[in-house]
Structures are given as structure tokens and as C-alpha cells.
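Structure first, then comments.
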Amino acid sequence: SGESGAGKTESTKLLLQHIMNLCKGNSQLEQQILQVNPLLEAFGNAQTVMNDNSSRFGKYIELRFQKNTVRGAKLSEYLLEKSRVVQQDTGERNFHIFYYMFAGLSSEEKEMYGLLDPSLYRYISGQFGTWDVAQRWKHKYQEVCNALDMVGFQEQEQVDMQAILAGVLSLGNVTFEPEESSGSVKVSEASRGWLRAAAVMDVLSQLVCCVPCSPWSPSVSCCCSLCADARDSIAKVAYGRVFGWIVCKVNELLAENVDPEVELREIGILDIFGFENFAVNRFEQLCINLANEQLQHFFNHHIFQLEQAAYKEEELPWETITFKNNEPILNLLLAKPLGLLSLLDEQSAFPQATDKTFVDKLNSSFKGNVHFQPGRGRVLGFSIIHYAGKVQYTAGGFLEKNRDTLPANIRGLFINSVTPLVTSLGSCFGVGKQFTLEKIAHRALAVLWLAGLLTFLCPHQHSLMVLMERMYSANPHFVRCIKPNSRKEPGVVDSQVVLLQLRYNGLLETIRIRRDGFSWRPSFEEFAER
């Protein structure tokens, strides 16, 4: 764990390499496992203002061993930031893979996928990079292709996958205009070419053309906005499904091939997005910071509560070490029926509710709560005093993102596609029921995709509840990553930035309990043998 940019993903890669080296083997499986991280980075990481290679999802890697030999691996992913596909803030980029494709594909391949100059695409904000950066991306693209080959993806699967990604980019340039004769909405003449370029989505025009105005949206301008929302929904779903399919495919290829009767030992590595506090913090930052609140609580529970309880049980002379307990913050967010998430679900259920009515409800419910502050100024929002500090959230879009509604006929569009991979992605839409934000949060670690049905990109994926149970039943080791400076510069240590992290992580108290406590606790059997 640690802040965004503190080195969690790099530490995970080093830890995996170390474990593979300790196995003293050089099997194909071990090499495949090492290729998984760079593959997922390309599709799940992006540049943010805090980190040039920021994980926009959480991952849990299980390694399974028999007699000190790796026999298989399994990957679970959580909370992919799908909204990044359609919108990025100033100084940020879309997921790496889009830029790698532009830099790495040949002219013939770009023509095959219908890709034009990157400056034309709205979903990547018309941004690309310098020649040096493009060369680095070209090298990265080749690494991704090598990783796909090494892990075992078929050539046609790779072609279909890139066709979908190219289609997503083209889809973002589709715009809408009123159909004067019928009072409905149609794809604008200027963007017809983009719709054809997104032909991997085949019958998209059935969804986005000629949408009649309804009683809920009486104006044509509102209908245009609804069509744009539907377009963005398709793009987010398509990308999220591709990412989930990659994870499922990796799990198929890395599954252990051993007798089910054989008991395997496991090492699990949880690499999750770090605490974030940007100039503008949205729904996604609340999800990420809530997950970090839960991890901090788990750390406190294990390091302080369980350890001191063991000393008291054995009646050792011990002066209790106090620590900063973040339970009140979790109660503010997760309590029923008046926690922030419960209130968000409640407001999401009302068609007439708005982000403003949601904020008004928060202001009245949490008046006087020391961990909540009403928004100030003209921007609709509120502030939460997290364990790592105060974060001001912009409330615009909270209800929409929590509902994560999709037009009912999207599933049919995917299933009827002529591209096999699109069809298989669409067939997952019926899996599972609609989960509300609050139900997921109370059932799990709150490593949450607070958006409902699309949480579970693969029916066989570990539920968050299983992850929580495993963390509490395992023997955890904590790797606390400390960010040396806020300028993304190597070799520079800002002592104030470091000290702030040591304080809010509770590491000063941890040092004290390690110094005063009993850090080595062998069993009687181990002691006698030694």
C-alpha cells in the first residue's frame, strides 16, 4: 500500500521476480507469470498528474506452489476506472494501450483498423507525444505483443481485441443532431465516417440513430445528450469487457495442472491503487480512497489490536500503545442506513433526484460530524477528512456513475456482432444481478467498483468478499511504499512529504510496537529445536 506513485506496482514486479528466482526454476509457466504484469499495465494503467504509470485498477495475484515449485497462478481484478476511457482531466492520459497502438502499428495495420492521426480522437483529447515518447511507446507496444504471445493469446484474438479498441476510439467522435422532420435525433452527417470506422460494433446505428424524445427528456437537446451518454456507455462497457476478458484468459492459461487431491500452498500479492487527492476529485477518487481506508483499518487491526490483545492474554507487562483509529471515517461512509453510500443508493433510486439533492442530504445528515465538511463556494461538493488528510470531492456525476445505467438494447448489439470476441463479451451481460453500492460495500473489503452489475467482468472472478476473508485468514505481510517527493523526480527526497506519510500511515506507532514488543515469536517446538 501507499500513495499513488509510491512504487507499489514496481515493488510487486520485483517481489514476483524474487519469488520466481527462489523457485530456482526456469519453466515456461514462471516466464508467463512474469509477463502478466506488463500486459495488465498496458491495459489498466495510465498517466495521471501524480504518477506517469498509475494503476487504475486493483489486482490480487495468487501463486500456487507444490514442493517449492510454482504450479499455477490466478489473478483477480477490481475497480477498473472505466470512466477514463471517455474523459481525462488536464495533464492526464487515457489508458496506455491506445497510445502504444498508434506508435506501434504499421501503416497497413492502422488502415485495417480504420485508425487515422491520433490528434483527431476526442477520447485521447487530441494528445499524443513527442518523437522520443512515441519511440518509447513503440517499444512498449512490441513488449505487449510479446507478452500476449508468451501468455498464449491466439493471433485472431489479438486482432479482434485491437479492432475493438480502435472501434472505441472512433465511436468517441460520433456526434448527434436533431432530425427536423420527425423531431428525433440522428448521427450528424459530419460524423457518419466515424460511425463506419467503429463498424466493429456493427449495428451501433440502431442504438444511436433516430432516438425519439420521451416524456423524461422533452427537448431535442436533451435527447442529443442522452445519445452521447449512450455512446460513452458503450465505449466504457466495451473497454471494461475487453479488460475482464484478458484477465479471464490469463487465468485459463496459468491455471495449475495438478491432481485436485493435492494440497497446494499459496502466496497472494495485493497491489491496489494508492490514496489520491487531485485538484478535482470525483466519484472514482471516493472509491479509491474508501478502499485505502479499509486497507488502513486492516493494517491497524493486525498490527495494533491483535498484537496487543495477545500480550494482554499472556499477562505480559505492557503499556498500551494508542493509534489513530479510522473506524469513525468508515462508519461515516459505510454505516446503515445513514452512511454516505446508503444515502447515495437511496438518492440513486429516485428518478427526480439530482447531485444537488444528494449533497443537501449529506449536509443535513452529517451536520456536526468532525470527518465531514459541507462544500464551499459555487462548486457542488463536500469534503471528507480521511486518515491521510482532507479531500474535497466534486459531486457532479455521482448519481449517474452510481446508477451506471445502460440502454436496454446494448446487450443485443454486442451479441449480434459479426466479430467473435465482441459476441463473447456481450454474452456476459446477463451474468449476475444488479448489486447496489451499499450492499457491495457491506459485503466486502470495499475495494469497490461502486457501479453495480459491471463490477464482475468474469463470472468466475473472486468476489470481493472472498478477498476479504482470505486477507483475514492469511498470515499477512505489509509492504508500505513511501513516496519520496511530489514532483515525480528520481533521487530527490522531500523530508516533509515523507514525514507526513509516516505519520498518517501509523508507521511511527508501528516502530514503537516493534521496538517495545516481541517481534520474533517462535513456537515452543521451534524454540526447543533451535
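Keep in mind that glycine also has a Cβ here, set from the backbone N, Cα and C atoms.
Unlike curated entries, TrEMBL annotations are predicted automatically.
The domain 'Myosin motor' annotation in TrEMBL covers 1-530.
Around SER4 (ATP binding site), a 10 Å sphere centred on its CB holds 21 further CB atoms from the protein chains shown. What TrEMBL lists as ATP binding site is GLY2, GLU3, SER4, GLY5, ALA6, GLY7, LYS8, THR9.
Averaged across the region 'Actin-binding' (464-486), the predicted model reaches a pLDDT of 82. Sequence annotations record features per position, and here TrEMBL assigns region 'Actin-binding' to 464-486.
Counting Cβ atoms from all protein chains shown, GLY2 (ATP binding site) has 19 others lying within 10 Å of its own Cβ. Taking Cβ-Cβ distances under 8 Å and a sequence separation of 6 or more, the neighbours of GLY7 (ATP binding site) in its chain are CYS481, LYS483.
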